[in-house]
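Student: Summarising the annotation, TrEMBL assigns (6S)-5-formyl-5,6,7,8-tetrahydrofolate binding site to Arg21, Glu80, Lys119, Lys440. Among the features that TrEMBL reports, GTP binding site is placed at 226-231, 245-251, 270-273, 330-333. Annotation comment: TrEMBL describes Asn226, Thr245, Val247, Thr250 as K(+) binding site. Residues or ranges marked as Mg(2+) binding site in TrEMBL: Ser230, Thr251. The feature domain 'TrmE-type G' is assigned by TrEMBL to 216-362.
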Amino acid sequence: MNETIAAISTAPGTGAVSMIRISGPDAFAIASSLSGQDFSNIPGYTIRHGDVRENGKIVDEVLYSFYRAPKSYTGENVVEISCHGGVYITRKVLSLVFGAGAKPARRGEFTERAYLNGKMDLSEAEGINDLINARDSVNAVSAVHSMKGSVKRILDPLVESLTQILAQIEVNIDYPEYEDVEQLRDEEILPKAEKWLEQINQLIDTAEKAVMIRSGIDTVILGRPNVGKSSLLNALLEEDKAIVTEVAGTTRDLVEGSVRVGNVTLNLIDTAGIHESSDRIEQMGIERSLKALKEADLVILVLDSSQGITEEDRKLMELVKDQEYIQVYNKADLNQIPGTVSISAKNHEIQPLIEEIEKRFAEGIAAAGSDTLNNERQIGLAIQAEEAMSAAISELKEGAEPDLVTIDLQKAWESLKEITGEAGRENFLDEIFSRFCLGK
Ligand SMILES: Nc1nc2c(c(=O)[nH]1)N(C=O)[C@@H](CNc1ccc(C(=O)N[C@@H](CCC(=O)O)C(=O)O)cc1)CN2
Ligand SMILES: Nc1nc2c(ncn2[C@@H]2O[C@H](COP(=O)(O)OP(=O)(O)OP(=O)(O)O)[C@@H](O)[C@H]2O)c(=O)[nH]1
Ligand SMILES: [Mg+2]
């Protein structure tokens, strides 16, 4: 932690200006040595104009921005050097910063220091990363909320009621005669625990839907040969990506593309027409299609309106029956079947399909726009907490020893706290006992 680290903080490539960030105890001394000015007593939030020099010779004209600990992004002394944005000059300035004593920062190390110095919790740090990687407003809005503490705010009431339950059991074990504090009676504990379980299940469910919608719905376009799967892919992507011909068995390999339609992003895979084939290459394509199918969030099963439902179509329906799937009747320009999701891929008339997708995923779309848990790590920990609480509830019902119940409740507590990176037994005991002045 005591080393001074540095890295280029702007994107690689040529730009008007680049920024090199230096954080740690030697940051001001390094800036002084590069510039030939004495910055040792400079106040925080100050910008100075100066040069970067090597052996007295000018390398670049720059701006130095100073942040004095603890008021900085990392909580340490920070200097940002804004130099001219050429690839060579940026790297040159960085190498001089290293020459003056800084060590190369690892990926995420500035933010890691910010976390370790108490500037943010883990979920907020993840929010920063999500914000940087956000490619649409749904992702950007949820990321900025999470950067500003939404995850902690969501978890706070769950942590609070769990702490109450735990404190109650602890009090009952250690101080059965203690009556001074507001106490839950034993028979109140179980309903409280069950309500808690319901709430966390709800949270997990919403978060899973949100994460899926935000990352895009992994969608497989499936159907027998020649029904118009590739034509549908092209219509959705608004691009002639896959080859379309009147010959059955045109698509052999998987063709992929992502597109934003309506309120969702679809990560599309067009597949080889599925049927019994003796062609070796086609068979391999079909195998790949079936593998992609297993991992899909959504299957679009394409049917040919001009031919009606065939035996092969029925086999495919059977194949996907346990998955989220939409039957679409393509080639509606030749024959429209009432009461079906009818499209004409060839003519790019696919609005009914888009509306059906939005309808199917309405809950997920709403979840994606709400504040919830934001990634698999957070959801995984919430599931751990949920499992521990389920175990505790069974034990409560069986009248198990309170000590045993406590162990599971404590696991639940720690899993929740790990989401924001505040876990640890010390914190746990502090939080439990800070609210009861026991033993006084
Ligand atoms: N030039 C520059 N722009 C940037 C950043 C940066 O580090 N440098 N950021 C980062 O990547 C983001 C802004 N985030 C920041 C968050 C906190 C502090 C900061 O100085 N915090 C102090 C003081 C807070 C206050 O007084 O309001 C603190 O938390 O104590 C700085 C940047 C986006 N833009
Ligand atoms: N009339 C009409 N023809 C269509 C429509 N969509 C596709 N076709 C035609 O159907 C034929 C097959 O289209 P593709 O998109 O290659 O079908 P596919 O399902 O990808 O076929 P394979 O890759 O061989 O499995 C082509 O001649 C298309 O022009 C449509 O909406 N209306
Ligand atoms: Mg095709």
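Don't overthink the numbers, they just go from 1 along the chain as shown.
Backbone N, Cα and C define each Cβ position, glycine as well.
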Student: Among the binding-site residues Lys119, Ala248, Thr250, which have a Cβ atom lying under 6 Å from any atom of ligand 2?
Tutor: Ala248, Thr250
Student: From the DSSP assignment alone, can you count helix, strand and coil residues within the domain 'TrmE-type G' (216-362)?
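Tutor: Helix (H, G, I), strand (E, B), coil: 44 helix, 37 strand, 66 coil.
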Student: Take every residue in the domain 'TrmE-type G' (216-362), average their pLDDT values, and give the whole-number result.
Tutor: 95
Student: List the residues of the same chain that sit at least 6 positions away from Thr245 (GTP binding site) in sequence and have their Cβ under 8 Å from its Cβ, in sequence order, or write 'none'.
Tutor: none
Student: Drop a 10 Å sphere on every Cβ of the binding-site residues Thr250, Thr251 and tell me which sphere holds the fewest other Cβ atoms.
Tutor: Thr250
Student: Can you tell me which of these binding-site residues sit near ligand 3, meaning the Cβ is under 6 Å from at least one of its atoms: Lys119, Asn226, Thr251, Lys331?
Tutor: Thr251
Student: Given the binding-site residues Arg21, Glu80, Lys119, Ser230, find the one whose Cα is closest in space to the Cα of Thr251 (GTP binding site).
Tutor: Ser230
Student: Using Cβ atoms only, which residues of the same chain lie under 8 Å from Lys331 (GTP binding site) while being at least 6 residues apart in sequence?
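Tutor: The list for Lys331 (GTP binding site) reads Val227, Gly228, Asp304, Ser305, Ser306, Ser344, Ala345, Lys346, given in order along the sequence.
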Student: Among the binding-site residues listed here, Arg21, Lys119, Lys229, which has the most company in the form of other Cβ atoms within 10 Å of its Cβ?
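Tutor: Answer returned by the neighbour count: Lys229.
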Student: Most Cβ neighbours within 10 Å: which of the binding-site residues Ala248, Ala272 is it?
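Tutor: The most densely surrounded of these binding-site residues is Ala272.
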Student: Could you tell me which three-state DSSP class Lys119 ((6S)-5-formyl-5,6,7,8-tetrahydrofolate binding site) falls into?
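Tutor: SS state of Lys119 ((6S)-5-formyl-5,6,7,8-tetrahydrofolate binding site) = coil.
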Student: Of Asn226, Ser230, which of the binding-site residues has the most Cβ neighbours inside 10 Å?
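Tutor: Buried the deepest by this measure is Ser230.
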Student: List the same-chain residues at least 6 positions away in sequence whose Cβ sits under 8 Å from the Cβ of Glu80 ((6S)-5-formyl-5,6,7,8-tetrahydrofolate binding site), in sequence order, or say none.
Tutor: Ser9, Met19, Ile20, Arg21, Ile22, Tyr64, Ser65, Tyr67
Student: Taking the Cβ of Val247 (K(+) binding site) as reference, which residues of that chain separated by at least 6 in sequence fall under 8 Å from it?
Tutor: Asn226
